[in-house]
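Quick notes on the structure that follows.
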Amino acid sequence: MSVSGSSPAAPAGSASVWTQGRVSAQKGGSVSIPCRYAQQYKDSVKYWCRVVLWPTCIVLQRTDSPQGRAGLSITDDPAQQVFTVTMTNLQLWDTNKYWCAVKIKGIDTPDARAGVFLSVTRGSASVWTQGRVSAQKGGSVSIPCRYAKQYKDSVKAGLSITDDPAQQVFTVTMTNLQLWDTNKYWCGVKIKGIDTPDARAGVFLSVTRGSASVWTQGRVSAQKGGSVSIPCRYAQQYKDSVKYWCRGALWPTCIVLQRTDSPQGRAGLSITDDPAQQVFTVTMTNLQLWDTNKYWCAVKIKGIDTPDARAGVFLSVTRGSASVWTQGRVSAQKGGSVSIPCRYAQQYKDSVKYWCRGVLWPTCIVLQRTDSPQGRAGLSITDDPAQQVFTVTMTNLQLWDTNKYWCGVKIKGIDTPDARAGVFLSVTRARPGPPATPSAPASRAVLNRADPQSLGQNSLRWWQSLLVACGVLLLVATVAMVTWKTWRRRGE
């Protein structure tokens, strides 16, 4: 069964639980969704609920009562800090928003959760392959087409094709490729039945005159004054060839800076070849802003009119602060708290770290520093040089705390900007809950926190009660009005 989904991101919102943002599956198939959580929730009850809006979420399964709806199971692995929800025999109406949730003890403390959208389709996701493949003119390519178990005995369509039912994969091999072979191709599986479309998966094949036998990173960033090492990998047939590094936006006008057969070249630039690993590495030190450019990993090819094999990489040298990084966005609730880790490079272990607030960095207002940790109430900063991270904790958050903040590291030197990384903090109102009576404080806790399954039900009951009360008042008022008018007419 093919399942597609976005990768789990660093937690935001109910930030101690996170999962994939979106998952796709086929009708009749199954899906397993991992829900990861922070260490402090290892012994907490986990549950799975369904609905677009969290406050009205209906609990479908809990870890403390795993026997629930047919075709749905939940298992917790505290050692790995993950609980997994498995749904089988999926139907189109299972398409909805679901929530991985962890029960949090305490009055008016919202449960930790992370949402995932499940899409169930009639599509043919039972066959899948690479989305895009590149090869060289005159070369060959083998494309694996994987398929679901139910298609092991079906006919597959292709060119020079071999099927391996045990591995549930058939492989298409194309040799002596030409430029005109560039096109969209399909791995197809024949499906029996009238009006039943064949299962298929598309792959785009690009045949070029280029040099797919050399490859590297597409883009590299570094700081002014820093250094960078770029690995350039190559095919086995080039183990004994001369490798070189050149600079220029366009390949034909590229200027060679260094070669493996004459490694002594420009100051601050070196090239080393490791034929055993089929990689040569280019190292550039003391980088300057003007080093920003397109570069090429290249291999010398012998022969007349035979272009050298190459792969391009764009190097960006900035004044920025790639040496500090953190989460891009964090969400929390009014009255709650949040801890934001700010990681930094090793050279900043002994530097002063600080936390400042402001949409624009130049006008940022410093709120707390590690060399004077006593600052604003409800705000603390702690540095752990061994782990190369400093942590900012904000408590008793209010709506007006919503803003852009910056993890900053003090850099010594004139005209040298501090290293920093920005994070946007969003503080939202707490979940609405039913009102509590002063005479029954315990019932307030029960209404708000008694049971995850009551999250949606309690809210619904409260509104139902309100509507019933309004209806009764309206009925009483109507009866009173009719009685008064009748009495008045008799009096006249």
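Placement of Cβ uses the backbone N, Cα and C atoms for every residue, glycine included.
Copied over from TrEMBL, here are the features:
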DOMAIN    20-121  domain 'Immunoglobulin'
DOMAIN    130-208  domain 'Immunoglobulin'
DOMAIN    217-318  domain 'Immunoglobulin'
DOMAIN    327-428  domain 'Immunoglobulin'
TRANSMEM  462-484  transmembrane segment
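DSSP places the residues of the domain 'Immunoglobulin' (20-121) in helix, strand and coil in these numbers: 9 helix, 52 strand, 41 coil. Broken down by DSSP into helix, strand and coil, the domain 'Immunoglobulin' (217-318) contains 9 helix, 52 strand, 41 coil. Taken together, the residues of the domain 'Immunoglobulin' (20-121) have an average pLDDT of 85. Using DSSP to sort the residues of the domain 'Immunoglobulin' (327-428) gives these counts of helix, strand and coil: 9 helix, 52 strand, 41 coil.
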